[in-house]
Amino acid sequence: MRIVVLVSGTGSNLQSVIDAVKAGELDVEIAAVGADREGTYGVERSSEAGLETFVVNFNSFPTRDEWDAALTARVASYAPDVVVSSGFMRIVSADFIAAFHGKYLNTHPALLPAFPGAHGVRDAMAYGVKVTGCTVHWADAGVDTGPIIAQEAVTIEPGDTEESLHERIKVVERRLLVNTLAALAAV
Ligand code: GRF
């Protein structure tokens, strides 16, 4: 199973995938890692791991549609079986979703359909829920919508900050992502 991973930030979820592949625990080929901006640690750590990387910089395109078309073409050039949005903070177009229909996997730091969007951890805390978690799902053209594959709960503890809670969620999220990819690769 060939995968392309898209990141916007530190890529710690991606790192868990890289580690699992290297350890022989996950039978996937990481064809490339791409970002929507320059200077992400996710791309840096991927190059250090010897992986193919690319940047389709959102700010270098006059319109969102042109950026989206360039991203779609670049990702398609790797002929991936699965495209993983792993902390990729851009909404892609319906054309991108159509190009990778049933292949675009997203991870989200909340129990969808609760708390979609860029601030899933903050929004769960602000609402006052006592349990949140993370979700791995097939992405469609909505914001954090699409068929759910796996979820796991994480308890919000007294004294949690957005950072401390997000870090605990990410510990679970990394495992959930690796396990989901392993299950898909085994099909
Ligand atoms: C993850 O919690 C992901 O779900 C969210 O942003 C975080 C990315 O973390 N959208 P990292 O870049 O993998 O460390």
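Note that Cβ sites are derived from N, Cα and C of the backbone, with glycine treated the same way.
Small disclaimer: the values here were computed from a predicted structure and weren't measured.
For HIS108, the entry in TrEMBL reads active site, proton donor. Around HIS108 (active site, proton donor), the same-chain residues at least 6 positions away in sequence with a Cβ under 8 Å from its Cβ are PRO116, GLY120, CYS134, THR135, VAL136, HIS137, ASP144.
Around the Cβ of SER12 (N(1)-(5-phospho-beta-D-ribosyl)glycinamide binding site), the number of neighbouring Cβ atoms within 10 Å comes to 18. Annotation comment: TrEMBL describes GLY11, SER12, ASN13 as N(1)-(5-phospho-beta-D-ribosyl)glycinamide binding site.
For ARG90 ((6R)-10-formyltetrahydrofolate binding site), other Cβ atoms within 10 Å of its Cβ number 18. According to TrEMBL, the (6R)-10-formyltetrahydrofolate binding site annotation covers ARG64, MET89, ARG90, ILE91, VAL92, ASN106.
What TrEMBL lists as domain 'Formyl transferase N-terminal' is 1-180.
The site 'Raises pKa of active site His' annotation in TrEMBL covers ASP144. ASP144 (site 'Raises pKa of active site His') is surrounded by 22 other CB atoms, counting those within 10 A of its CB over all protein chains shown. Following the DSSP three-state reduction, the secondary structure of ASP144 (site 'Raises pKa of active site His') is coil.
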Nonlocal neighbours by CB distance (under 8 Å) for MET89 ((6R)-10-formyltetrahydrofolate binding site), same chain, sequence gap 6 or more: SER8, GLY9, ASP36, ALA118
Distance from ASN106 ((6R)-10-formyltetrahydrofolate binding site) back to GLY11 (N(1)-(5-phospho-beta-D-ribosyl)glycinamide binding site), taken between C-alpha atoms, in Å: 13
Length of the line joining the Cα atoms of ILE91 ((6R)-10-formyltetrahydrofolate binding site) and ASN13 (N(1)-(5-phospho-beta-D-ribosyl)glycinamide binding site), in Å: 19
ASN13 (N(1)-(5-phospho-beta-D-ribosyl)glycinamide binding site) and VAL92 ((6R)-10-formyltetrahydrofolate binding site), Cα-Cα, nearest whole angstrom: 20
Distant-in-sequence Cβ neighbours of ASN106 ((6R)-10-formyltetrahydrofolate binding site), under 8 Å, six or more positions away: VAL84, SER85, PHE88, VAL136, HIS137, TRP138, ALA139, ASP144, GLY146
Densest Cβ neighbourhood among ILE91, VAL92 (binding-site residues), 10 Å radius: VAL92
